[in-house]
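**Student:** Got a structure for you, written out below as structure tokens; questions coming shortly.
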Amino acid sequence: MARGSDKDFVKKTIHKSGQVRNLIYHSIKRNMLFRACSEEELQDLIDAFDTSNFKAESTVIKQGDKGDLFYVVQEGKLEVMVSTIDPNDESGNSTQDITVGVPYVSGSSFGELALMYGSPRAATIRAKSDCVLWYLDRRAFKGITGSYKQKREEIILDTIRKVKIGDNILGDVLHSSDIDAMALATQSDTFNRGDVIIRQGERGDAFYIIESGTVDVFTTKKGDEAVARLTCGQFFGEKALFSEDVRQATCIASSDVKCLTLTREDFVRMLGNLQDLIQ
């Protein structure tokens, strides 16, 4: 699998109060760009945010400029302006600034495209009052998320190698390229606390690796008593890769859970029948 971290990047930690950390956390938590980040990853990203003050009427970012900073508003109010051709000018050479959308206030964020692509700014952001902003630069974002991506890839590969189906351990019977292909075919799924992920007696079609959170395992024989608690790096449902037999246990999320999921259909499409591979 590809290794995404920047080897030259060294994470820095900028001191901030617990209140500010909480503000940034809730702001980025609801931003789609950070949705796949683990809690630990979010905290490392929050560490890297630095602060900057802007006076009223000053320009924070200018439309068309290349950007590499993402901002979270701590204090103040900002407006979003887009420069367009003035329809009243027949020559088409003059422009006018139009205010669009709603103002940014405490807890708002903007500039996320700069973290992904370093693309030119799509609008001008201007301070309407004195503002305190926290910003994250693209290099820090790429460095931190890249290092976590590498860790996740290593966990996935290591976990798949340890999966035992019958008398066979996948790491002993599959080529490394097959294991890489399995890892690439996984998809991320999230479950809320109390969600039933798999149910005993139902036909199984997917294998799960726990990326974060905990999962309790129940059987009808033990009733309401959990027979095991699975945590990060552990797996369940592996027999679904081998056959369409019914589930032998019920697995319920005992906290909010993020899993990497591999369906039998995807496995067979990429690698063929597992029974043939391990013979």
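Even glycines carry a Cβ here, placed using N, Cα and C.
Unlike curated entries, TrEMBL annotations are predicted automatically.
Found this in TrEMBL, in case it helps:
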type: BINDING; residues: Glu112, Arg121; note: 3',5'-cyclic AMP 1 binding site
type: BINDING; residues: Glu238, Arg247; note: 3',5'-cyclic AMP 2 binding site
type: DOMAIN; residues: 33-162; note: domain 'Cyclic nucleotide-binding'
type: DOMAIN; residues: 170-279; note: domain 'Cyclic nucleotide-binding'
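In terms of burial and nearby residues, how do these features look in this structure?
**Tutor:** Less than 8 angstroms from the CB of Arg121 (3',5'-cyclic AMP 1 binding site) sit Ile61, Lys62, Gln63, Gly64, Asp65, Lys66, Gly67, Gly111, Ala114, each of them six or more residues away in the same chain.
Under 8 Å, Cβ to Cβ, and six or more positions away along its own chain, Glu238 (3',5'-cyclic AMP 2 binding site) finds Val163, Lys164, Ile165, Phe207.
Across the domain 'Cyclic nucleotide-binding' (170-279), the DSSP tally of helix, strand and coil residues reads 30 helix, 37 strand, 43 coil.
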**Student:** Which whole-number mean pLDDT does the model give the domain 'Cyclic nucleotide-binding' (33-162)?
**Tutor:** 89
**Student:** For Glu112 (3',5'-cyclic AMP 1 binding site) and Arg247 (3',5'-cyclic AMP 2 binding site), what Cα-Cα distance in Å is obtained after rounding to a whole number?
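**Tutor:** For Glu112 (3',5'-cyclic AMP 1 binding site) versus Arg247 (3',5'-cyclic AMP 2 binding site), the Cα atoms are 42 Å apart.
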